Amino acid sequence: MATQTKPILHGYFRSSCSWRVRIAFALKGIEFDQVPVNLIKDGGQQYSEQYKTLNPMQQVPAVEIDGVTLSQSLAVIQYIDETRPGLRLLPADPQKRAQVRMISDIIASGIQPLQNLYVIQKIGTEKVQWAQHFINRGFQALEPILKQTAGKYCVGDEVSMADICLVPQVYNAERFKVDMDQFPTIKRLNQTLLEIEAFNTTHPSCQPDTPADLQK
């Protein structure tokens, strides 16, 4: 199903959902083009009528690939995994695959949406406390799960979609000053994963739309 045309990722440098897709492309060795969508400039470029045609939810990312436009990062990652060769992002074993999906969903559904930009903008002066509360709540659930499932990585010793979700969420936690010493398993996994090139080259500090003061 793969074509010669490069996929196009419409995203934002600091969006954890966009970063997930960048990591997946990098792990698979897939070249792609990026079109920045600034979530703050002009009142949020994701709200433009032009972008709404790509993603009716007016969120990032939107990915043009193989003649279709996909949104929702986990759907994009699973599509990439099912249509491209190389490293498997979901394990072949059904139980491990379910664990990967469970961990990914805890992050992508149970933590990240509650502290994303759209929600935070509605909170008022308690933004940091709000974000800390929901990240702590999610990590308190995730830590014991990962103690059971982790090897070198989130599920066993192979990098998976769970790891792709974890690293951007830890980045968010650090931005909101969450005490990561409470979560030694999560902290260890994050440090290990950041040694992998695909997680480093896709980091928010080194994207085409990263502001100069936030670049490495």
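Even glycines carry a Cβ here, placed using N, Cα and C.
Copied from TrEMBL, the annotated features are:
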- 5-88: domain 'GST N-terminal' (DOMAIN)
- 93-212: domain 'GST C-terminal' (DOMAIN)
* **Average model confidence [pLDDT] within the domain 'GST C-terminal' (93-212)** => 95
* To do: Please spell out the DSSP helix, strand and coil residue counts for the domain 'GST C-terminal' (93-212).
  => 89 helix, 2 strand, 29 coil
